[in-house]
Amino acid sequence: MAGLKPELKIYDSHTHLNDDVFYDDVPAYLARAQHFGVVEMNMIGSNELLNQRAIELAHQYKGLHAVIGWHPEDIARFNNAAEELLLKQLTDSVVVGIGEIGLDYFNDEHSPHDEQKRVFERQLAIARDLRLPVSIHCRDALADTYQILKNAHVEEFGGVMHSFNGDVEWMQRFLDLGMAISYSGVVTFNSAKDVQAAMLATPLDHLLVETDAPYLTPVPYRGQRNEPGFTRFTLEKIAELREESLEDVARATYANASRLFLNH
């Protein structure tokens, strides 16, 4: 693609190459990501299978790192055996964090809220014990997520609000807990005014960028399947809105993600 600056190093802090839609063609997606300057990626787990795939990919490919845990939509299967396996998986050298974990109140057909809270709190306790940062999924549950993170003293082990979709006030509250704030392709949508305002108010040294691929595809590819290389377009929009150079924002978000996940 004309005009690309290959010397940029971009860190996609949250992606799902372990998903079925990517898993059989990972080398091709990695090659495209490299073309866009995306050289580091966190493979995010959500259940037993996807956690194991994240670990396998991180062992197989340079620049890939595993963040594993149990997503709130999958916790019906989080029993004692699943917890024992997770604890074992967390000892693997390629695991750099626990996630994605949190609360999802969007669809009441998913796990009951009390059960979501219990599993979330348990995984936060594990993160605290192991001093591993957490990647937080929060959908329609800002108040409960905030309170649970505060009670868990998340500032002691760190974490990131993945694909943050709250307003400036909520961003500041999570920032006060020591959380990093990550923005996905949503920030490129003209309709996402609250998210854009929150991003503009986020200090550069706490800002991360992600795709959440295959979801949340940024403009100009909105409507198509997302992929890690498209982190580039979210980063470009962030730099444009902040009136900062692409190089400075790429450098900062790369350093922030590395500090949180690779240098803890």
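Just so it is clear, glycine is given a Cβ too, placed from its N, Cα and C backbone atoms.
Predicted automatically and left uncurated, TrEMBL annotations should be read as such.
Of the residues E73, E83, E84, E100, TrEMBL places E100 in the same divalent metal cation 1 site as H14, H16, D212.
Between the candidate binding-site residues, H137, H162, the densest Cβ environment within 10 Å is the one around H162. Other Cβ atoms within 10 Å of the Cβ of H14 (divalent metal cation 1 binding site), summed over all protein chains shown, number 28.
Annotated divalent metal cation 1 site H14, H16, E100, D212; additional same-chain residues within 8 Å of its Cβ mean position, judged by their own Cβ, are T15, N42, I44, G99, S135, H162, S163, E210, T211, A213, Y215.
Non-local neighbourhood of H16 (divalent metal cation 1 binding site): F22, M43, I44, L50, D212, A213, P214, Y215, each in the same chain, at least six residues away, with C-beta under 8 Å from its C-beta.
Calculated from their C-alpha atoms, the gap between H137 (divalent metal cation 2 binding site) and E100 (divalent metal cation 1 binding site) amounts to 6 Å.
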